[in-house]
Amino acid sequence: MADYLVIVESPAKAKTIGKYLGKKYTVKASMGHVRDLPKSQMGVDIEDEYSPRYITIRGKGPVLKELKSAAKKVKRVYLAADPDREGEAIAWHLAHSLDIDETSECRVVFNEITKQAIKDAFKSPRPINMDLVDAQQARRVLDRLVGYNISPLLWKKVKKGLSAGRVQSVAVKMIIDREKEIQAFEPEEYWSIQGTFALDGEPFEAKFYGTNGKKVELKSEDDVNNVLAKLKGDQFHVDSVQKKERKRNPVSPFTTSSLQQEAARKLNFRAKKTMMLAQQLYEGIDLGKEGTVGLITYMRTDSTRISDTAKAETKEYIESKFGKEYAQNGTKAVKKDKKSQDAHEAIRPTSVERDPKSLKEYLSRDQLRLYKLIWERLVASQMAPAIMDTMTVDLSNEGVLFRATGSKVKFPGFMKVYIEGNDEGKKEEDRLLPNLQEGQTVTKEEIEPSQHFTQPPPRYTEARLVKTMEELGIGRPSTYAPTLDTIQKRGYVALDERRFVPTELGEIVLELMTEFFPEILDVEFTAKMEDDLDSIEEGKQQWIKIIDDFYKGFEERLKVAEEEMKEVEIKDEPTGEMCEKCGHEMVYKMGRYGKFMACSNFPDCRNTKPIVKEIGVKCPKCEKGEIVERKSKKRRVFYGCNQYPECDFVSWDKPIARSCPKCSSYLVEKRTKKQVQVQCSSCDYKEEAN
């Protein structure tokens, strides 16, 4: 019979840890939180210093019964939930439910699930950290005070099922503010002049820079013509050649935020999916003869540091695989963000020796892709900087200056393993110039002016929104993914081509929130609240005072809102179409994900239809219907025939009104981030989109 009981959150984690601890230990899972505030009432006693009234979560009774029974049979119980606020709170609730003294050495924490980390953790158990618990409790109580008071108000004044929260409301505001910027944007005209030149028949490109040594902006076609009129002949003089060596340093290992951003950019993963896969890699994967192994460190962190052991192992790996010149020389200082809690390491593989190829047969495709990203990022972070040779050349003709820039990799360093992605999806390539020297003459081959217009700021992608939230101090590693998930589930925003757009419902709710609860939407207020929660965790402030300072002002605004907030009637709009089932008029209604079409004879007729957008292309299958843009249940855009179900044509890619010149099948637009290519739906024909 076992002497010790270890309680973790999940069966996967229990299985991995159980393998390392041996027969004297029984490892069981609590399946997450066992106690929480009740759903049916506020659960916070405002008169009794905001005391939370916790109850056993529905369905957790049998779990607690099993844990209590197991606890009675052992000498000692260890609580080994995750090493953060949420994990500390789970441990505290378990201690309360199992009558364990929270001041006893019952808490065990580890940053990775490996044999050595588990052994070390069990050598130094500690009491439950009540500062961590209080920080989690303060967040929970704050969110309950806001949500439980404002949500019913929104149900009453707008529609049922709505909710309001501190962080989610600010995220919605950011998306709506960006949409307003886009709508208010007035494009400005500007021009550029691209020149193709040649030295001894070797072509290269340069851009117009200015005149008489000064930079000049081209605002109109007249400006362009004035510049071109100055040029005489095809010969340009090489005025200057500047050659420099530039170092490019590797990026740090992943934090939660940077992992979500990079997985979105490189793998097209949503934040929620990234965290689900990371959790699986952290809790343990069955590696055959090796058994179940935790492959990465804890995935909720805002730290970029790694342990000395991990540094040494990674350096040794780099030297053996790439050579000593590729290993980082000296210790790179880790810049600590003032918002970083830094309680953990960065996200890294638990062993750099487990390269992605060695795990291919044990991981799913998406698990492997995410692991590869994490592994490459760690290795690259400990490698030498890349060294680039850069060259800047100025060419002139009658005082008209063109500038050419080139670069090539002299020493790849970390770039041999990993290059960070960017939101535009552009690939970095060498830009090579001929071996130009001052005083030489080059020949102009072509001059091509181009008209451009300034572009509005882009809508937020998940990656960009997470990055901006992090920069502003809104939310913490554990809250980014749930926040993005919630604002979509509530129907306040939707994703259009992987970018957030506000819904009419989101705009209505934000307008009410702005009028009656402006402080909840204030970025600085929300960021300060996060800092206050951090200070509670550090033992510098009492959680009750933080809550009280917030609630005094909030309570006053709540009273005003209850009296003055007017009901918002979201009226049905006529569509001009008749219901094909009963003959009544179809109307536009507001639903969870925005507008849809429904019969005005509801509830007698329950006919509903999505709002579809014709794209001006005949159906290539039945040749009778029109192709329309639709959205799947997961909000992904696809294209189908408007004669469905008679015609079942469907395509994820947008068909265009041309046939393939090679096989006569229909052509589609294939989108990859910002690149659009025309491809055949049947054969290998491709062409660049105009």
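Residue numbering: from 1, along the chain as shown.
Every residue gets a Cβ built from N, Cα and C, even glycine.
Note on Swiss-Prot: of 163-168, 487-492, 619-624, the range annotated with the feature region 'Interaction with DNA' is 163-168. As stated in Swiss-Prot, the feature zinc finger covers range 579-605 out of the listed 66-92, 120-146, 579-605. Record note: among 225-250, 329-354, 329-354 is the stretch given as region 'Disordered' by Swiss-Prot. Your range for zinc finger, going by Swiss-Prot and the list 12-35, 180-203, 540-563, 660-683, is 660-683. Considering only the recorded sites H33, R140, Y148, W155, R300, R490 (site 'Interaction with DNA') has W155 as its nearest partner by CA-CA distance.
All protein chains shown were included, and the count of other CB atoms within 10 Å of the CB of R139 (site 'Interaction with DNA') stands at 23. Cβ neighbours of H33 (site 'Interaction with DNA') (same chain, under 8 Å, six or more residues apart in sequence): I57, K60, A89, I90, H93. Reduced to three states, the DSSP call for Y148 (site 'Interaction with DNA') is helix. Most buried of the recorded positions E9, D82, D143, judged by other Cβ atoms within 10 Å, is D82. Cβ crowding, taken as the number of other Cβ atoms within 10 Å, peaks at R300 among the recorded sites R140, R300, R490. Across the domain 'Toprim' (3-121), DSSP assigns 46 helix, 23 strand, 50 coil.
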